[in-house]
Amino acid sequence: YLHINEIHQIDPKTFSNLPHLERLYLHNNHIKRIPAGSFSDMPKLRKLRLDSNALICDCSMLWLVKMMAQHNEMYIDATCYEPTRVTGMPLSIMEERDFECKIPEIQKDPEDITVNFGEAAMFTCVVTGDPTPDIVWLRDSNEIPIDGTRYEVMDNGTLMLHDISDIDTGYFECMAKNPVGEVHSKPAKMTVQRKRDSENLETAAPAFTVRPQKQFAKLDQESINFDCAANGHPKPHIAWLFNGERILLNERISIRPNGSIFIADIQESDAGLYTCLVENIKGKVNASAALEVMVPPTFILEPHNKTVKVGDDVEFICTAKGVPKPLINWFRNTLLLPLSENIILSDNNQNLTILSVTEDDEGIYHCRAENAEGYVEGSAFLTVENYEIIRPRIILKPEDTDAYKESSVQLPCEIESEPPATVEWRKDGSYLDDSRKHSITIIGSLILHNLTVRDTGRYECSVYNEYGRDTASAFLTVKDRVIPGDEYVNIALTEATRDVDLAIERTMDELFNNNNSSKTDISRLYRITSFPNAPAREVARAAEIYERTLDKVRDFIQTGHKVTSAEPFLYQNVLSNQHLEVIARLSGCVAHRDKNECSDMCYHSKYRSYDGSCNNFAHPTWGSSLSGFRRILFPIYENGFSQPVGWNKGIKYNGFSLPSARLVSTSIITTEDISEDQQLTHMVMQWGQWLDHDLDHALPSVSSQTWDGVDCKKTCAYAAPCFPIDVPPNDPRITNRRCIDFIRTSAVCGSGMTSVLFGTLQPREQINQLTSFIDASQVYGFEKSVAEDLRDLTNENGLLRVGVTFPGRKPLLPTVGINGMDCRRNLDESNRNCFVAGDIRANEQIGLAAMHTIWMREHNRIAIQLKVLNPFWDGDRVYQEARKIVGAQIQIITYEHWLPIILGKEGMNQLGQYKEYDPNLNPSVSNVFATAALRFGHSMINPLLHRYDENFEPIAEGHLLLRHAFFSPWRLVDEGGVDPLLRGMFTTPAKLKTPTQNLNSELTEKLFYSAHAVALDLAAINIQRSRDHGIPPYTKWRQFCNMSEVNDFDDLAGEISDETVREKLRELYGSVHNIDVWVGGILENQVEGGKVGPLFRCLLVEQFQRLRDGDRFWYENPSVFKPEQLRQLKETSLARILCDNGDNIDTIGENVFILPEVQDGLVSCEDLPSMDLRYWADCESCGDNGELDRAKRRARRDTEMEDDILIDKARIDGLEDSQHEIENTISKLKKRIEHLEETCKAD
């Protein structure tokens, strides 16, 4: 009875030859493997218990299953722990096919050799198989008896033959066998050459007959040999080097007469590289082999006890050394630690990270470092302290205050919060720090000393921690003079701030705190992914307060002066510039106008900023995030600066009212009939969406309610920010509602209402949350805080954080913490949460989530290789270099592979070749590009996402309707990973756009159908969005693109050839000049060789030229990559990236945008070219890093020179030895000749 005895391993003969043993209990130990033959010669054994061990049921256990089948009378209780596919399976029910063993396979056959009589020889046979095969050697088909003298079989299976004679001539072959089968190598011929034959040969350079082979030895092992033999004439001289230096012989290390080196009593210091130098007067050769001395593990760094609070993250680090490199496993209490979404092992299991700790995570965590020579364990206790989380709340708020000059005043801001919150104060949007003028008390109050009139303003207290945020503000008036317009400006500003903040608070509460159901509204998930984050909210909030204040001022003036609503209202007539400056300053608009000085030239000259700023040193904000879209044509607003066309229903355009966006959609855009593209795959559409999420994200309003508190989903009135889409009478689907809800896009601060911030009257402009550059911002984020949150900062490897890794797959994206966005649409379907990536829309549809996963893995793949090539780089350097490469890859795929398909040959000619960086070209994304032109891809979306297994058969879960693909990241985890989706994308045709088949009805009739009172309509949303953004109509853009002038619908025949379509346009719009730009563009005939009409081609070319020529970090700019690096980058293909980063994609189309049957079918991933990252070794850098690089290069050159000197020295020593031997021989010959001469004289 040996159970519960901490037994970790047993030897094969431990229990053999026990003829009377009937019971053997080994359960509840730590046994992982049972060596073959462990229970032989035990005829009376009837009961064997191996349960409650962590048994690894791989092929090494096949012998035990066969033994159980042969002995039915024996009861054996054993359950598998690993691998995952058989976890929990009793060994008694397993069969041979359950083990997936591999029959032996010859990887390298022995080769023919010729050796001299009396010398040594070696045959090598490299074999694989599972279990590891045994190797037997045959000569002339007869098994060779291994006597340990003339014949030896090394541990790696190599056959050594000593003292070769004529009887050894023959054909040698190796036979490899394991329990699954056996295999024979090709025979290799040995020819024995007698010395007398060789003496007649002409002089010949040395050639190896036996090369030293890599060996493994245990510490204190009795001895090992490195054999080395060579032919040549004259006989070559053999010398040995150790790690490049001549070996010092001693009582343990000696060289045998045949040239082999003998090492006795193996020590750890013996590990290294042994080089055999062979030389004669005709030349020299050398060969090296390593000796690895097996050493049991020892800790470098052990885990330490940690105490954390619920919701915190915790990390344990455990590093060990040993040979072979120890494998690290983690245990909680006594059980192997199971991986989950919040338990992450990284850096070869050296780092254990537990995210969002709960009380269940408390316990003892054991780190076990184990190799073939033994193991070592270390433990740490995790203590989890609980506390009641209290979201920050201001309980004593500041109030509006009047004070006099030269006095002091205290503005209170008392809070309650757990954990403690950070308190910040701002005046008119600018942050305040402690100074002699003002100070912040321990409890958060602000004290202002020696007041002056300039201290007048709005003071805002902000408190925040990871669980929430609260703000309060008050207006301080320092009495000395009266600000013009105070009577109504201050009141309007106060009420506007209250209205906007309440609307934002209600919206955020509805979006993020609605936890009353196990099923989550999919529309809420969509709104969450589009909702501005904190920095974007600050920009949009200021704009909304600014605009709302002016609305209030107008109301007060009209009420006070009895101005009728019919009179045009001009702010310039009633507000002075001073009034407007006050409103701009107090609303926070001025705070958004800070200019980046781009002072860190070392960084900005080499790497992109995260937010896109400082790409252009003369115009630092061009292309940066949280800035306005670029205008090509002046916008069209009904009141000239903010109200979209159609806002006032009585206004007519060119004699006609604008049609409802929904009516246009149902009449001319939507289709239930789908035709397949005969050339292109669905990956074309997916890359378009992936690219779009790198370039633009128009933020919706910070509130989904009117400023008077009415939810936009519950009103059909046009009241900012609500701009609902009217449902026409007799709509084919919607009969119970008058409108589809729609919320306007947030405005850039200072636009849409006034003049003074930018010198002239500014029409409303919309915010682009992302950088405009193709810079992989969807991978890394558009601001520093997002980028750093995505990084793995636990080491210096420059990696992105990863999530859980399942057996047979690569890591998934990390998931949000307990306070992040909840993606669980239906807890009955899955409890898995949202993924985290550089773009918040990563979970929007499952195909997009798969692309995010692939590119996270690609960054890490590149970073790992860069770190191997440059081990002295720190984590930031590795990360930034990998980030730069990934950005270039996306640029190359877009411009070299994707755009030619979209634009056609003529469009690519218009785009032209890259010439040079143009600092005078603004690369910012244009409003019409984001709102209309790039949305052409909606016409290529299939209603079904195909999913295929490795045999290109549908997976068990089947294909996926588009409606079920939204916000379902769990499907990547539970339904086969990313591979099935990717295979579907590069083998399935895209939807073909025809004159009457534009957007499939899944997008126009069933979009979020289960979430809204009325399902959304993507086509109608596109039309309404262009009106919201003030985009001019279709004919204005035709003029911009130098297309033919049109005045009637029949004039469109050259671009919209279908007469029925033109007649429907006439019925809808009345005037050709009223056609919305997206509608006209999507209905045009596609250009030859492209997928867009001439208008969208023109707008796409205009933007993509700017994105290329106006980007200082464009990959072809000579200052970005070296010429040899650029050549490697041009090997980039999306197919290669999918192969490298899919879980198990080994067959693919060479161009994943083209259907396989149109090109050369599917090819092996091994046949695709790949990028060679060796050209990134030892790149120059700024400052200390550059000095380090240069120092490393100098050190390496010095080492290489030393190695050359040592080898030359060994060669010279060998020549000197040969010279001494020749001199001795000559001396002996002289003496013999003299002796003969004397003998002859005597005779």
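Heads up, the Cβ atoms here are built off N, Cα and C, so glycines get one too.
The domain 'Ig-like' annotation in TrEMBL covers 104-191, 206-292, 297-383, 392-477. Annotation source TrEMBL lists heme b binding site at His938. The coiled coil annotation in TrEMBL covers 1212-1239.
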Key: Neighbourhood of His938 (heme b binding site), C-beta criterion under 8 angstroms, separation at least six   = Leu999, Leu1003, Leu1018, Ala1019, Asn1022, Ile1082
Query = If you run through the domain 'Ig-like' (297-383) with DSSP, how many residues end up as helix, strand and coil?
reply = 3 helix, 54 strand, 30 coil
Task = Run through the domain 'Ig-like' (392-477) and tell me, per DSSP, how many residues are helix, strand and coil.
result = 3 helix, 51 strand, 32 coil
Remark   = The mean pLDDT across the domain 'Ig-like' (297-383) is 89
Request  = For the domain 'Ig-like' (206-292), jot down how many residues DSSP puts in helix, in strand and in coil.
outcome  = 3 helix, 52 strand, 32 coil
Ask   = Where does the residue listed as 'heme b binding site' sit by DSSP, helix, strand or coil?
value = helix
